[in-house]
Each structure stands twice: as structure tokens, then as C-alpha cells.
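K.L.:
I have a structure here, written as C-alpha cells, and I will follow up with some questions on it.
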Amino acid sequence: MDEKPTTRKDSGFCSLRYGLALIMHFSNFTMITQRVSLSIAIIAMVNSTQHQDPDNTSTEGPLTDPLSNQSRSIKDFGTRAAVYQWSTETQGIIFSSISYGIILTLIPSGYLAGIFGAKHILGAGLLISSLLTLFTPMAAEFGVILVIAIRTVQGMAQGMAWTGQFTIWAKWAPPLERSKLTSIAGSGAAFGSFIILCVGGLITQALGWPFVFYIFGSIGCVCCVLWFTVIYDDPMNHPCISGKEKEHITSSLAQQSSSPRRSIPIKAMVRCLPLWAIFMGFFSHFWLCTIIITYLPTYISTVLHVNIRDSGVLSSLPFIAASSCTVLGGQMADFLLSRNLLSLITVRKLFSSLGLLLPSLCAVALPFVTSSYITTIVLLILIPGTSNLCDSGFIINTLDVAPRYASFLMGISRGFGLTAGIISSTTTGFLISQVGHVIEHLQVAGF
């Protein structure tokens with residue numbers, strides 16, 4: 001794991017592999033916006049200021065928007081959206097249902113992607129997730145049970161799309177560029193969170209909450225076209241790759257074992273302590289991140305008493321910091337490696353430690369600074385930002401430890417992470433119903 005890779009140069013950022021990283025950035029952007037759409041829309045979907053019928057049924061009526069009085073016809077068409085009576089416990093189950101779906105397909109899809117190739121498995125997952133996002137408003141009309149079912153199946157589709165990416169990078173990413181390439185691709189999730197939280201509230205007020213799903217579901221369909229057109233499993237088979245880049249990739253990966261895998265060494269993996277460290281890192285990382293992604297809009301809206309439009313803008317700020325830290329962390333990690341300033345294992349430990357310790361300290365401090373609006377916002381920005389330093393730590397460590405089984409191990413790792421997400425989002429919904437808001441659970445999350 002600490003072997004010094006070769007340092008051949010080629011066209012760098014103008015190369016095809018960086019184009020693939022941008023496509024993966026766009027696909028991760030799409031999936032996270034589809035996942036977080038409900039967290040934004042649900043503020044309007046369960047708007048307690050409007051009259052509601054006693055059942056799970058909805059009341060029809062336009063959401064109030066003081067900026068649209070001069071455009072009555074557009075308002076009547078776009079903002080006449082249903083409002084539902086979903087308790088905080090029910091909302092917690094809805095939020096966690098997508099995690100249940102993801103965890104069902106993480107390991108199988110990671111294994112199959114390693115055998116049959118990631119392009120079609122990931123592309124199919126992205127397409128299914130996009131179509132189900134478009135169907136979500138209709139599902140809500142039929143009841144909360146169908147919404148939970150839709151979100152669960154959508155989670156299964158996204159589970160297919162998340163894990164297989166490492167199968168592609170195992171063949172496309174030179175060792176000294178792994179942090180940069182994976183951070184560019186992975187930052188799409190944070191940037192997607194920034195965009196959906198920034199514009200989701202505006203879309204909800206201007207057009208109505210169903211359009212949050214329609215817009216980002218449609219973007220996902222466009223992304224599928226790009227995915228199936230540009231992505232290839234192996235640089236040897238890509239029709240557009242230059243000979244220089246192909247030679248650079250193959251020579252840099254020459255020391256990496258390329259023999260076909262006939263079986264997975266499960267016993268050896270179970271006894272491997274570094275793998276367990278990676279699994280526990282994922283559990284801790286996802287525990288806090290799931291709470292932030294899921295409940296940050298609700299927290300800002302209800303605890304800081306910010307309206308839905310400004311709530312989305314404020315909720316988006318932590319994730320532009322997270323996206324920036326992801327890319328900068330990848331650049332810094334590969335810089336330390338390429339200059340031989342630190343060994344590979346030291347770099348992974350350093351970024352893993354910073355990505356776990358710093359956001360936890362911010363979460364623990366949050367309940368003690370509620371009297372200061374500015375300090376609260378700063379801490380909320382720092383939590384996702386510093387947390388994404390893990391992307392250059394244990395999150396890509398499976399590519400170093402066992403590149404042939406990277407997708408399979410990523411599936412297990414994300415399984416640990418999603419288990420933490422299920423527990424944290426469900427218990428947060430319960431605690432909110434008991435204590436009134438999410439801040440106490442954020443403090444528990446830090447521990």
C-alpha cells in the first residue's frame with residue numbers, strides 16, 4: 001500500500017479521464033438532488049399553516065407567495081399543490097426509506113459491476129432513480145405508503161449507481177491522481193446538495209413543490225444520455241481516448257494486479273483490520289452527514305425561524321463549502337503524495353482523522369452557541385465542509401487496499417454508512433417529536 005507509483009506526465013486536466021470525472025460529478029449531482037428534493041419539498045408538503053383534512057389525504061390550495069400577486073394565472077397553475085398530514089415520525093420513516101433501498105443493492109451491485117462492468121449497471125440505476133423522481137408527486141396523491149415504496153425502490157436504484165464508480169476508477173485512475181479524480185467526481189454530491197437547497201425553496205414558492213421533483217428528475221434523464229454516451233468501463237475500449245493517455249494509464253497501473261477474480265476472499269477480508277477501520281469510518285461519517293443533509297432545511301426553518309425561500313439559501317451554504325473542501329482535499333492529498341512529503345498510509349490517516357474529528361467538534365459545540373445566529377451558521381457550514389476531507393481518506397482507501405475488489409468493498413462500506421443513516425434519520429424524527437427540534441440530536445451525533 002505504500003509503494004511509490006510511477007510519475008509519468010500526460011495531458012492532465014485536458015485528458016479524457018478528467019472528462020469522465022466531470023460526467024460522474026454530474027451523475028452524483030443528479031442523484032443527490034433527487035435524494036434531497038423531498039427534504040426541501042416536505043416543508044411545503046406538510047405546511048402546518050394551511051388547513052388540513054384529518055386523514056393522510058391532502059388539501060388543495062395555492063401556497064402563498066407575496067412576490068407573485070401580479071401573476072395570478074401562473075400562481076394558480078404552478079403553486080396549487082397538495083398539503084399532507086404527515087407526523088414527524090412518518091417523515092422520519094420517509095426520509096430513511098431511501099436508505100433502506102440503497103442498502104439492499106449496495107453489495108450485490110458492487111459485486112456485479114466488478115464482473116460485468118459498471119457502465120450499464122450504474123446507468124440503469126441513474127435512469128430508474130430519475131424516472132421515480134418524476135413519479136413522486138403522483139405517488140404522494142395515492143398515500144404515504146406508496147411514497148415510502150417509491151423512495152425505497154429509488155434507493156435500490158441509487159445503490160446500483162453509487163458503488164460501481166470505483167470499478168471504473170480502478171481501471172481509469174493512475175495512483176497519483178486517484179484523490180483528484182475521485183474528489184472531482186465525488187464533489188458532485190456536495191455541489192448537488194448546494195444547488196437543491198439553494199433553489200429548491202425558490203422553485204417551491206414560484207412553481208409549487210411538485211416541480212422540484214419534475215425539474216431534477218428531468219435533469220437526471222439528460223445525465224443518463226451523457227452517461228451511456230461517454231462512459232466506458234475500460235480505457236482500452238474507449239473510441240475517443242488518445243494513444244498517449246491510454247499508454248499513460250496502463251503503464252501507471254502496470255503494478256496493479258489485473259488477473260480475473262474467480263472468488264472473493266471473504267475470510268481474509270473479515271480478518272483484515274484496515275478494512276474494519278474503513279467500515280467504521282463510513283459508519284461515523286454517514287451518521288452525521290445523513291442528519292445534516294436530511295434535517296438541515298427543517299432545522300433552519302423551525303429553529304432559526306427562517307422562511308422557506310431563505311431557508312433553502314442558508315441550507316445550501318454548507319454544501320458549497322463541502323464541494324470546495326472535497327476538491328481541495330483531493331488536490332492536497334495527491335500533492336503530498338507526488339512530492340513524497342508523506343507516505344500513502346499517512347495521507348489517508350491524516351485526511352480521515354481531520355474529516356471525522358473536526359465536524360464532530362463543530363456538532364458538539366452547536367447547542368452551546370444557539371444565542372449567536374452568525375456562530376450557528378458558521379458551525380453549520382463547517383460541519384459538511386470539514387467532513388468531506390474524508391473523501392481523500394478512508395472513502396477511497398479501498399482502491400489502495402484491494403483495487404480488484406474496490407466496488408464490492410465500497411458496497412460493504414456504504415452498507416455500514418447507510419445503516420448509520422437509517423438509525424440516525426429515524427431516531428432524529430423520534431427525538432424531534434419528543435423534544436421539539438433537532439439541535440439536541442446534533443450534539444448526540446457529534447459524540
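Glycine is no exception: its Cβ is also placed from the backbone N, Cα and C atoms.
Keep in mind that this is a model prediction, so the values were computed, not measured.
Okay, so TrEMBL annotates it like this:
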- 20-447: domain 'Major facilitator superfamily (MFS) profile' (DOMAIN)
- 93-116: transmembrane segment (TRANSMEM)
- 122-150: transmembrane segment (TRANSMEM)
- 181-203: transmembrane segment (TRANSMEM)
- 209-232: transmembrane segment (TRANSMEM)
- 272-296: transmembrane segment (TRANSMEM)
- 316-337: transmembrane segment (TRANSMEM)
- 357-383: transmembrane segment (TRANSMEM)
K.L.:
Would you report the average pLDDT that the model assigns to the domain 'Major facilitator superfamily (MFS) profile' (20-447)?
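P.N.:
Over the domain 'Major facilitator superfamily (MFS) profile' (20-447), the predicted model scores a mean pLDDT of 79.
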K.L.:
Taking the transmembrane segment (316-337) as reference, which of 122-150, 181-203, 209-232, 272-296, 357-383 has the most Cβ pairs under 8 angstroms?
P.N.:
181-203
K.L.:
With Cβ-Cβ distances below 8 Å as the criterion, list the same-chain residues six or more beyond the ends of the transmembrane segment (93-116) that contact it, or say none.
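P.N.:
Contacts with the transmembrane segment (93-116): 35, 38-39, 42, 86, 122, 125, 144, 147-148, 151-160, 162-164, 166-167, 261, 264, 290, 294, 404-412, 414-415, 418-419, 421-422, 425-426, 429.
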K.L.:
What residues in the same chain, six or more past the boundaries of the transmembrane segment (122-150), come closer than 8 Å to it by Cβ-Cβ distance?
P.N.:
27, 30-31, 34, 37-38, 45, 56, 58, 81-82, 84, 86, 90, 93-94, 97, 105, 109, 113, 157-162, 164-165, 209-210, 213-214, 216-221, 223-224, 227-228, 231
K.L.:
Counting only pairs at least 6 apart in sequence, do the transmembrane segment (209-232) and the transmembrane segment (272-296) share 3+ Cβ pairs under 8 Å?
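P.N.:
Output no: the transmembrane segment (209-232) is apart from the transmembrane segment (272-296).
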